[in-house]
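*Asks:* Annotations for this protein, taken from TrEMBL, read as follows:
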- 1-676: topological domain 'Cytoplasmic' (TOPO_DOM)
- 37-252: domain 'GB1/RHD3-type G' (DOMAIN)
- G47, P48, Q49, S50, S51, G52, K53, S54: GTP binding site (BINDING)
- 701-718: transmembrane segment (TRANSMEM)
- 722-812: topological domain 'Cytoplasmic' (TOPO_DOM)
- 756-767: compositional bias 'Low complexity' (COMPBIAS)
- 756-812: region 'Disordered' (REGION)
- 786-797: compositional bias 'Low complexity' (COMPBIAS)
Amino acid sequence: MDNKDECCSTHLIDGDGVFNVAGVENFMKEVKLAECGLSYAVVSIMGPQSSGKSTLLNHLFHTNFREMDAYKGRSQTTKGIWMARCAGIEPCTLVMDLEGTDGRERGEDDTTFEKQSALFALAVSDIVLINMWCHDIGREQAANKPLLKTVFQVMMRLFSPRKTTLMFVIRDKTRTPLENLEPVLREDIQKIWDSVPKPQAHKDTPLSEFFNVEVVALSSFEEKEEQFKEQVASLRQRFFHSIAPGGLAGDRRAVVPASGFSFSSQEIWRVIKENKDLDLPAHKVMVATVRCEEIANEKYVAFTENEEWCQLEEAVNSHSVRGFGRKLSSILDACLSEYDAEATFFDEGVRSSKRKQLEEKLLQLVQPAYQSMLGHIRSDTFERFKEAFEKALEGGKGFALAARECAESFMSHFDEECTDAIIEQAKWDSSRVRDKLRRDVDAHIAELRTAKLAEVTTLYETKLNEALAGPVEALLDGAGDDTWPAIRKLLQRETDTAVSGFAAALSGFEMDEESRVNMVFRLKDYARGVVEAKAKEEAGRVLIRMKDRFSTLFSHDQDSMPRIWTGKEDIRAITKTARSASLKLLSVMAAVRLEDEGDSIDKTLVLALVDTSSSKSISSVDLLASSSWDEVPPSKTLITPVQCKSLWRQFKTETEYVVSQAIAAQEASKRNNNWLPPPWAIVAMVILGFNEFMTLLRNPLYLGFIFVAYLLFKALWVQLDISGEFRNGVLPGLLSLSTKFLPTIMNLLKRLAEEGQGTSSGQQPQGNPALAAKSFRGSTNDNGKVSTSTTSEVTSENGTEYSSSSLHDKTQ
């Protein structure tokens, strides 16, 4: 690469036809050709060898091409094709110096490279200078005609030739005026054009369709150098703004953008070397395709490495980003704008196609980030919706109203967030994410609605259970004729109260009438179920309830005081009353009577189990020999007739012992109250014992002895618990007394001795002898039992003795 006065040059194609790719790339970077777009021109020159082409170019464009040394003889100076930038000409103008034609070095028949280089120059140049000698004009076999034939013949190999300006530069002009030379030259050119074989498509195409023909004449450089330089300087002015309208190449077409010049020229030379017809439109599209694709790939890679995009992508993967759509649209727009700026001069169809592909690749790259952004918006909106919904419900707002307002508000909020995330270059629809959010919102509302309805239902069911279970149990415990009417009244009152509150709670859900009625109906059913369940539960304990009621009524008087069986009570009447009350309890428990419908359960039970006079005439077995009650459906039956009979039999069996105990206590009371002998025995004892009575009166010491003997006997009676021992039979009593008699005597004598010593020593004051007997009240027998009944007999003889005995019997 040589540099001189802003002129750069390179060997484009060497003499062997090898394209200098590296040299062209360096040349383009040096002259910054890629920045020119379409604002550049290409000029080439062709002509016979040693015709002064390089000299003309160096003076015309201030280049530094190697010129022939006239002192060394005429020989080939330029080999292949050289290219340089014209210094001081705007726009950027490139000039190519082609190897001269008709050179002896290549020989007479070797014209292949001449044709190839001529075709290459026509394909890439806007202006082609044809250097020719003035004295050759008008000659049939002069050197210019083979050159023109070569130019026109190779032009036909272009599928769609570009409009090229042919400037014939007549060198070493003679005295003949140019006005006389130009018509002759144009005539020769036309004859050559007409004689060149053409394809059918261009059979009648005029020369002007392919070429703009210009003719200039220059004086001899060697003989009239100053005049030559003045004429060249004048000609140089015509190359300024040559591509502007009216310029030398103002009507050019099919221009390759400057950034694609290297690739385009390389491909053109390859096709020419392969000896193929050159399709310029197809070549233009091919160059545009390759170059636009390169630009698109460069922009795609630049986008992926863009720091702002990388930061945005990393941020959106973890959380939502405010202004995501605006930021990403800006980055994409900058990337596409750069592509447009670099590809603007290439074929529009290819440029647009590659731009669309680049845009699709970029959108495909950013779509995951966009989807992540939508996902964050959806999840954030959903979470905020749930929080707002809960707060609205806690604030006392109706469920349906709160759900509707919150759903509408946050769906609008979602739409706003999605609008903020929209990428201008994409036409993506967020409806699927919106629909998913809507489904999530509806599902949450439905789930929470179900939970809230269940909560409300449970609340009122709990209230009903608390309001009904205890009172129903109490009413059934005191079962009577008004039990079920009272239960029905209680059920109606509590159900109405609960239904009223329940309906008010349901109003906030804005339910349809059918659903509301069904829920209220289920609540009423629940209330009935509570009563029925409690009744069934109590029916399972009916036997215990019956025995408790019997025991209460039988063992207590009207003042609820425990009965004392003194022998005056009518045990039969008391038993009948207690059993009738227990039977009433059984009849109440036999069935659920929540409807005000009569039944005959009570009468049936009375006839079958109590009224014994009627049972002889009516078979009681037949009355209860059934598994169902008349006028009572099986679903309302708690205790069947057969079960009632079995329960009654068991009840009677378990209560008979209490009755027998009462009877025994009553008889014992009677016996204890009748302790005096009969009157005749008293009279006989007075008559027969008169002498003994008088003896005692005459000798009072006998009374003291008898009193002491009585006290000893009483003490033995208490200590041995004789009445208790004989309660289980005579023989067991005798056996027990035989084992306890001697130890008891020894213990009694020991106590007497101890008390005597204590009295003599003054440790215990003299007391009433009766109290000594009472001191044995808390003594125990040999088996550790305290004999409280005998003690009571000693201390009380006016009826309290029986009471103690009866209590002792109960404890047995």
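In case you wondered, yes, glycine gets a Cβ from its N, Cα and C as well.
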*Asks:* What count of other C-beta atoms do you get within 10 angstroms of the C-beta of Q49 (GTP binding site), across all chains shown?
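*Replies:* If we count other Cβ atoms within 10 Å of Q49 (GTP binding site), we arrive at 20.
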*Asks:* Please identify, from the binding-site residues S50, S51, the residue with the sparsest Cβ neighbourhood, meaning fewest other Cβ atoms within 10 angstroms.
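*Replies:* So among S50, S51, the binding-site residues given, the one with the fewest Cβ atoms within 10 Å is S50.
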*Asks:* Can you count the other CB atoms that lie within 10 A of the CB of S54 (GTP binding site)?
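*Replies:* If we count other Cβ atoms within 10 Å of S54 (GTP binding site), we arrive at 22.
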*Asks:* Please average pLDDT over the topological domain 'Cytoplasmic' (722-812) for the predicted structure.
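*Replies:* Over the topological domain 'Cytoplasmic' (722-812), the predicted model scores a mean pLDDT of 53.
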*Asks:* If you count the C-beta atoms lying within 10 Å of each candidate's C-beta, which of the binding-site residues G47, P48, G52 ends up with the smallest number?
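*Replies:* Each of the binding-site residues G47, P48, G52 was scored by Cβ atoms within 10 Å; lowest is P48.
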*Asks:* So for K53 (GTP binding site), how many other CB atoms are inside 10 Å of its CB?
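*Replies:* For K53 (GTP binding site), the 10 Å Cβ neighbour count is 28.
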